[in-house]
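Report on the structure given below.
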């Protein structure tokens, strides 16, 4: 794209009216473009960093649906640049396209921020939205608008920056693209550090929840700033009129070459050096030559979808994997969605190290390390990264509790008495003996096999009729109170391992009086004898 763009930009820029202001030999207008790109990338990557956790915890989607919708959104963001390029080159021009779609983008970010406000539909003030479909609908509208906006301006901003330079400013143009790329990574780095911190805060009117409105609101504000900054520089820009979309021209050239070759397929017509040369009757040699170059490059792109399919797992599966791990490093608490910060940090560190140290060393060893070999090694290392992630997951799986499947229930017996007890589950199930003031592990049973169970302390027995729900865990607390067996069947309500390395804790009052329990800043309330608090 840049090869085709530079040839056009030089000729067209000369036709633009007015003389651009300069600063240190650079057009002043490019500083507005770089600031615009920094803010826009902060907005996009900041929103995307917390997106999969928003799906999982706020919208209450499972991991698979959260991952699928996340990647559908990312795919849409990388498909819409085709639409943006067509609009810019064939109709509105780059400047108007950027402004128009940035407005759409800003509105989308604002809708996402509104969709994450818990109190919007929390009419009973219990801390969870009453009408989740409203939040889902707003989120989908917001994400579609964001995808149209970010994708639509993606092919325009860098090319518009290139338009600002004259033919003799090739060196400055090259440096501009380097600074432009740096601004992308700087925006990505800062946003993936800051927005997860904002998400981890607690906010709300009626109840305190994870602060997704702030995590989405700050990127929305940055996108608004990006739009304002870009419009402020309007008077300084060189605005090249639309000249037709190059992709349409290339497609027509390829189509004509195929059709013309088919018409002249008989042996009486001499062969041509390349099948694209059959387009020479209608298209100039320059376009045909550049189209040949594009097709050669496209051949190298065949394995790239697999690389990006792996790379973008950072924002979905790897983030979800991080939620099952402990991010506490003493003085530093790493949020699961901050793991993506490592990527821009390593880019900023490794690019100069590789260029200045590793590649020169390889060259000194007289190894011909061609670009194709670099790509191959890079993809091999990317595959090793997923081997590492798989090994981590194997260790995580060892810590995961096994929950009951469909048709099953689990029970843990908690003996609250100073003497041993025996629990009988039925004739076909082995009896369980529970030591004084001890508990068993969770035991899995077919739900239909447990209509009742028998509890025995010494010579005293009682039968407890049970009504268990499938796929649920229960704790059965038992105690002998003055030769009267008291039992308490508690539904645990836990279906997954606690997040971020935390523990789930609850208290059972085994004393003969009411007690009020607090742990750090968490209050478990007042418990009457043989009652249990909720998990926290």
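We number each residue from 1, going along the chain as drawn.
Using N, Cα and C of the backbone, Cβ positions are placed for all residues, glycine too.
Just so it is clear, the model here is predicted, and its values are computed rather than measured.
What TrEMBL records for this protein:
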TRANSMEM  21-38  transmembrane segment
TRANSMEM  68-88  transmembrane segment
TRANSMEM  95-114  transmembrane segment
TRANSMEM  134-153  transmembrane segment
TRANSMEM  174-194  transmembrane segment
TRANSMEM  214-237  transmembrane segment
TRANSMEM  293-311  transmembrane segment
TRANSMEM  345-362  transmembrane segment
TRANSMEM  374-394  transmembrane segment
The transmembrane segment (345-362) touching the transmembrane segment (214-237) per 3+ Cβ pairs under 8 Å rule: no
Two-stretch contact, the transmembrane segment (134-153) and the transmembrane segment (68-88), at least three Cβ pairs under 8 Å: yes
Contact check, the transmembrane segment (95-114) vs the transmembrane segment (174-194), 3+ Cβ pairs under 8 Å, seq sep 6+: no
Cβ contacts under 8 Å made by the transmembrane segment (345-362) with residues that lie 6+ beyond its boundaries: 185, 189, 369
